[in-house]
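According to TrEMBL, the protein has these features:
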type     : residues           : note
SIGNAL   : 1-33               : signal peptide
DISULFID : 42-58              : disulfide bond
DOMAIN   : 71-220             : domain 'Cupin type-1'
BINDING  : 107, 117, 122, 127 : oxalate binding site
BINDING  : 120, 122, 127, 166 : Mn(2+) binding site
Ligand code: GLV
Ligand code: MN
């Protein structure tokens, strides 16, 4: 009997320790953005179609050249002729394979006068933005619905904590431009209008009508106008 109790207690202690280790590992995982690299250089080989938890498979080290460490993907101004008057050029691992396992990436956003980078979130990264041209009105909404807004001028930076909703609007007379750095090679971008009004397949009009308290004809008109976003 005493032997059985000792075995049960040992088992209980063992299970508790295993549970604690799992929780600790899980906690340390969610506290970071991308996992740490295990090699100096791991240029993504996008051609394999394979993907690992830490990114893409590496191109053979013998084939790596200086060109793999450089990219001009953000060099050109984006075409802002669209309903929002802004264009985001993504400098993520998908466009710049040298970023593989580096835990960082960068976007460029161009704004026409009055252009808006519509409300969106990045599920896998925090963001640090610098305004390199013009003046923006920026907004960030926290998880408990607190809205922060500010006018940010050329040369100034602002932060967007991971996963929070945010937007920018060009309030200057001319064009505006930003560069945004992320602590993920593939931060993801969930745009509110795109997700809700241009998903594939489409979210039912009746549902959006109820959620936004709009009649269904307005929802349909909005979906039609957002066709090319
Ligand atoms: C700006 O918010 C960006 O995601 O580039
Ligand atoms: Mn953003």
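Yeah, the Cβs are placed from backbone N, Cα and C, and that goes for glycine too.
Curation does not apply to TrEMBL; its annotations are automatic.
The structure, with features from TrEMBL marked on it.
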residue : record               : Cβ contacts under 8 Å, 6 or more apart
42      : disulfide bond       : 55, 58, 59, 100, 101
107     : oxalate binding site : 74, 88, 89, 90, 91, 92, 179, 180, 182
117     : oxalate binding site : 84, 86, 88, 109, 111, 167, 168, 169
120     : Mn(2+) binding site  : 165, 166, 167, 189, 190, 191, 192
122     : oxalate binding site : 160, 162, 163, 182, 184, 187, 188, 189, 190
127     : oxalate binding site : 159, 160, 166, 180, 181, 182, 187
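Not a single one of the recorded positions among 42, 58, 117 has a C-beta coming within less than 6 Å of an atom of ligand 2. For the domain 'Cupin type-1' (71-220), the mean pLDDT of the prediction comes to 98. Classification of residue 58 (disulfide bond) by DSSP places it within a strand.
Around the Cβ of residue 166 (Mn(2+) binding site), the number of neighbouring Cβ atoms within 10 Å comes to 21. Broken down by DSSP into helix, strand and coil, the domain 'Cupin type-1' (71-220) contains 22 helix, 59 strand, 69 coil. Other residues of the same chain near the oxalate site, with their Cβ within 8 Å of the Cβ centroid of 107, 117, 122, 127, are 88, 109, 120, 129, 160, 166, 180, 182, 187, 189.
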